[in-house]
Amino acid sequence: LAQPVTPDLLVSPSSQDGDLGSECPEDRGNWTGRLDFLLSCIGYCVGLGNVWRFPYRAYTNGGGAFLIPYFIMLAICGIPIFFMELSLGQFSSLGPLAVWKISPLFKGVGMGTILIVSLVAIYYNMIIAYVLFYLFASLTSDLPWQHCGNWWNTDLCLDHHVIKAGNTTFPINITNTVSPSEEYWSRYVLHIQGSSGIGDPGRIRWNLCLCLLLSWTIVYLCILKGVKSSGKVVYFTATFPYLILVMLLIRGVTLEGAWKGIRFYLTPQFDHLLSSKVWIEAALQIFYSLGVGFGGLLTFASYNTFHQNIYRDTFIVTLGNAITSILAGFAIFSVLGYMSQELGVPVNQVAKAGPGLAFVVYPQAMTMLPLSPFWSFLFFFMLLTLGLDSQFAFMETIVTAVTDEFPYYLRPKKASFSAVICIALFLMGLILTTEGGMYWLVLLDDYSAGFGLMVVVITTCLVVTRVYGIKRFCRDIHMMLGFKPGPYFTACWMVLSPVTMMALLVYNIVKYQPSEYGSYRFPTWAEVLGILMGVLSCLMIPLGMVVAVLREEGTLWERVQQASRPTMDWGPSLEENRTGMYVASLAGSQSPKPLMVHMRKYGGITSYENTAIEVDREMEEEDEEESMM
């Protein structure tokens, strides 16, 4: 027998010699460096939502009071489900569709996930296109949104630089005025005055169309070789934004009146906590920011080595993401405080609520800084890097999910298949480049990943804990990591997470509020279309059930039972990782003691084989207890 090898508990045996790829299927691809996975997760979670969505949600849901439900939802729903997704992906080395070998009856959950991710990817890349537009507009000596007097400005435009510099002896009424940056965004970039509403999209804005094409081209080039290429890009896109964010934060808090905005941000308005809307917004922010339920975490983890320490990575990413969101809020609200002092109005009246917060307030802030084009370019370059690595994850999720379903046909042609997906989503996103495109973006934003995402996550929780079994799932994690999840995780998976999300789902339905953009109210048909988007992802679940039952044989109940059990090939993808109960499911395994055969074949007992022996012993003891009962 070969000499026993006892690697460190949470380091893959194959990583001892620095070859991280030897443990993973070569044809599927895998991370090529130690930090690829961690940085990809950080880049995926820390995205545009931290700058564009979190401050907006905090601003409209009670300022600092929003942090209370945010951290409660992070603890109850975010961290446990984050760890569950990583565990499922790493244990099986499968994408969001193929992972449902764990219970084929619920494969529709995977289909619903892909539908949600596809809809989000369409409009998320449009936001990146807006960022590119502003990035190019910053390449000038004088920012175009700095002053009034351009062809797109109206009589309501008020240049605050002129007011500050002038020696006006009479008061100026600024209540019905708009800033140059706000008119640049709405009247020049969007040209929204050319559309009367969502039913009248108007003409395509070709400059936005070209920016959208460029953003899809960048995304495609970065995911061309799967995680091998995107895993290297994130070394820059996941770290560079922090440098710029700190620079902008320092500049923001040194502005006069910044304390007003920070006080507004930190002062809790506890009456808002009585509103169900605040708790729903907090849960949705967790889902959006952590990427829970979108399949991206599962996809990234599926490219890990089998014994990667995802328990440690879970806390690094989730807590780091929360801290980043709060820092971004300080950067936003310090500028809001300065602007409110300049205008002489309360902080909550400085900027209108809407998706354009980062495209109105921050551009205005850039004009107040020396070397404003330089700062503007850096800021929008930061937004570009924040958005791209999240978009990488969305695309990798879709491509991985489908190629894992048809590995023999699509894996050799993964680059071509990725190109087809990018082109298809670009064409579907063309309506967002029209003059009324912002209305469609708001509709997609409100409905594509609302209650449909909650249903997907709730179902996943229930299937893993009830159908597959919480004990078996914990054993799998024990075999993979060397220890079982504690009572905190089991309590959340079994009760707290699904119950909380069910309550939020009910409140979301009962206290439904129609979408709006500024003063524009969406027509009934648009609301129905939005609701159908959410319902369609839910309908994938019963549709998948019907397909799974039809593929089985026997009576209806027998078919349901067979379809709900894991498939024979469920488990670790590589033979050397299939220890304990999973060895018996390998093709050609005839030994009554397959674990011993496995140990002789792969060179002695490692710490992970010891874990497998413990798991097998626990199962035998439980079987004896059940037989005695």
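In case you wondered, yes, glycine gets a Cβ from its N, Cα and C as well.
Under the heading region 'Disordered', TrEMBL lists 1-23. Annotation comment: TrEMBL describes 37-55, 67-88, 109-136, 233-250, 282-303, 315-339, 374-394, 415-441, 447-468, 488-510, 530-550 as transmembrane segment. According to TrEMBL, the Na(+) binding site annotation covers GLY43, VAL46, ASN50, SER289, ASN321, LEU386, ASP389, SER390. According to TrEMBL, the disulfide bond annotation covers CYS148-CYS157.
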Taking only the binding-site residues ASN50, SER289, SER390, which one has a CA atom nearest to the CA atom of CYS148 (disulfide bond)?
-> ASN50
For the recorded Na(+) site formed by GLY43, VAL46, ASN50, SER289, ASN321, LEU386, ASP389, SER390, name the remaining residues of the chain with Cβ within 8 Å of the site's Cβ center, in chain order.
-> ILE42, TYR44, CYS45, GLY47, LEU48, GLY49, ALA238, THR324
Can at least 3 Cβ pairs under 8 A be found between the transmembrane segment (233-250) and the transmembrane segment (315-339), with each pair 6 or more apart in sequence?
-> yes
Any chance the transmembrane segment (488-510) and the transmembrane segment (315-339) are in contact, meaning at least three CB pairs closer than 8 A with a sequence separation of 6+?
-> no
For the transmembrane segment (109-136) and the transmembrane segment (67-88), does the number of C-beta pairs under 8 Å, pairs 6 or more apart in sequence, reach 3 or more?
-> no
At the Cα level, what's the spacing in Å between VAL46 (Na(+) binding site) and CYS157 (disulfide bond), rounded?
-> 35
Long-range CB partners for the transmembrane segment (67-88) (under 8 A, at least six residues beyond its ends), listed in sequence order, are 58, 99, 102, 268, 273, 278-279, 281-283, 285-286, 290, 292-293, 295, 297-298, 300-301, 310-311, 313-315, 317-318, 322, 325-326, 457, 460-461, 464, 473, 476-477, 480, 485, 488-489, 492-493, 496-497, 500-501
Stretch-level contact, the transmembrane segment (315-339) and the transmembrane segment (37-55), CB cutoff 8 A, at least 3 pairs = yes
Thinking of Cβ pairs under 8 Å, which stretch from 37-55, 374-394, 530-550 has the most of them with the transmembrane segment (447-468)?
-> 530-550
Quick one: Cα separation, ASN50 (Na(+) binding site) versus CYS157 (disulfide bond), in Å?
-> 30
Of the stretches 37-55, 374-394, 530-550, which racks up the most C-beta pairs under 8 Å with the transmembrane segment (282-303)?
-> 37-55
Cα of SER390 (Na(+) binding site) to Cα of CYS157 (disulfide bond): how many Å, rounded?
-> 36
Specify the count of other C-beta atoms within 10 Å of the C-beta of ASN321 (Na(+) binding site).
-> 26
Neighbourhood of CYS157 (disulfide bond) by C-beta distance under 8 A, where only residues 6 or more apart in the same chain count | CYS148, THR177, VAL178, SER179, PRO180, GLU183
Near LEU386 (Na(+) binding site), which residues of its chain come within a Cβ-Cβ distance under 8 Å, counting only those 6 or more away in sequence?
-> VAL46, GLY47, LEU48, ASN50, VAL51, THR237, PRO241
If you count the other CB atoms within 10 A of the CB of SER289 (Na(+) binding site), including all protein chains displayed, you should get 26
